[in-house]
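Novice: What Swiss-Prot records for CYS104-CYS124, CYS250-CYS294, CYS280-CYS335, CYS287-CYS337 is disulfide bond. Look at Swiss-Prot and you will find 46-163 tagged as domain 'CUB', backed by sequence analysis. Per Swiss-Prot, the feature N-linked glycosylation site maps to ASN25, ASN55; the stated evidence is sequence analysis. Summarising the annotation, Swiss-Prot assigns signal peptide to 1-22 and lists sequence analysis as the type of evidence.
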Amino acid sequence: MLLFGFLLLTFALVSQRQGAEAESNLSSKFQFSSAKEQNGVQEPQHEKIITVSANGSIHSPKFPYTYPRNTVLVWRLVAIEENVLIQLTFDERFGLEDPEDDICKYDFVEVEEPSDGSILGRWCGSTAVPGKQISKGNQIRIRFVSDEYFPSEPGFCIHYTLLTPHQTESASPTVLPPSAFSLDLLNNAVAGFSTVEELIRYLEPDRWQLDLEDLYKPAWQLLGKAYIHGRKSRVVDLNLLKEEVRMYSCTPRNFSVSLREELKRTDTIFWPLCLLVKRCGGNCACCQHSCSECQCIPTKVTKKYHEVLQLKPRSGVRGLHKSLTDVPLEHHEECECVCKGNAEG
């Protein structure tokens, strides 16, 4: 009887322990699943702290070859001396997965200011190398993320150097806020930005990422008509020479036009400031008409729409209203040499 009771007690203890282990395993699995981001990348529990006393570099895994998928790496650079700053310079060999709608959503490298949590920049793609970044204090954080799709090469390599405050002042001129400019001066300042991301970050440093995402929410887009220039058949060399004269003497060619001047909109800033259009150009030295002087004029004109960023002052409210808009521009598709006095005849 005692033996039977001992066996029952042992069985109960074993069952209770197995149940606790199963519950623990289920809890761990749930925590692991909830720790994943929506794109399937698991966030790291700890960042790698690098004590900086001299120049050095960090890079994506396997640089300059294809980096691995499903990766999140965070480095925090901390200078030993508190009165120095850290400057980051990207290697010319830069390439991550391309952005979607000019927004780096999937694979990207991001630089953050640890003192206030502000994002200094997020980059991806391979069309341009990111510019230099300078910390506000003696620390700076770098974050690299890749999702489970489309890894690229060569990744990135960032060289870091130490700067004293007076070096920073001489190297980086003061950038005035948008509110310090009139509309015409702000138009000139906007011309210096090479990407929409840099422009929005300048206009709205505290909420530029939200503004950039809001900017691309509309799904509609007006497309201009496509135009194709036909080619003539070329039989012999003389025909070729004559055809080249015809093609390049008075033909549609690329011209850059200022949107504010072209649209006569001095109350608005457009970005990009200028666009390429087809306009008639060239000379008419071999004009076939019997007149003293010929000129090149368009004989077929079409209107095409181009989507650009529009910045307009808000009435009674500080800041600029930002929106994507379609602007109509004239394109010359066919040109002809005519007598100057008969241009309108």
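From the backbone N, Cα and C atoms, a Cβ is placed for every residue, glycine too.
Are these features on the surface or tucked inside, and what touches them?
Specialist: The Cβ of CYS124 (disulfide bond) lies under 8 Å from the Cβ of LEU96, GLU97, ASP98, PRO99, CYS104, TYR106, ASP107, PHE108, VAL109, each of these being in the same chain and 6 or more residues away along the sequence. CYS124 (disulfide bond) carries neither a helix nor a strand DSSP state and counts as coil.
For CYS294 (disulfide bond), applying a Cβ distance below 8 Å and a minimum sequence separation of six or more within one chain yields CYS284, CYS287, CYS337, VAL338, CYS339, LYS340.
For CYS335 (disulfide bond), the count of additional Cβ atoms within 10 Å of its Cβ stands at 22 [all protein chains shown].
Secondary structure counts, DSSP: the domain 'CUB' (46-163) has 0 helix, 57 strand, 61 coil.
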Novice: Return the member of CYS250, CYS280, CYS335 nearest to ASN55 (N-linked glycosylation site) in space, with distance defined Cα to Cα and candidates limited to these disulfide-bonded residues.
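Specialist: For ASN55 (N-linked glycosylation site), the closest Cα among CYS250, CYS280, CYS335 is found at CYS280.
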Novice: Give the sequence-ordered list of residues that share a chain with CYS280 (disulfide bond), lie 6 or more positions from it, and have CB atoms under 8 Å from its CB.
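Specialist: Expected: CYS250, THR251, PRO252, ARG253, CYS296, ILE297, PRO298, HIS332, CYS335.
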Novice: Taking the Cβ of each of the disulfide-bonded residues and counting other Cβ atoms inside 10 Å, which one has the highest number: CYS104, CYS250, CYS287, CYS337?
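Specialist: By the 10 Å Cβ neighbour count, CYS250 comes out on top.
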Novice: With H, G and I counted as helix, E and B as strand and the rest as coil, say where DSSP puts CYS337 (disulfide bond).
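Specialist: SS state of CYS337 (disulfide bond) = strand.
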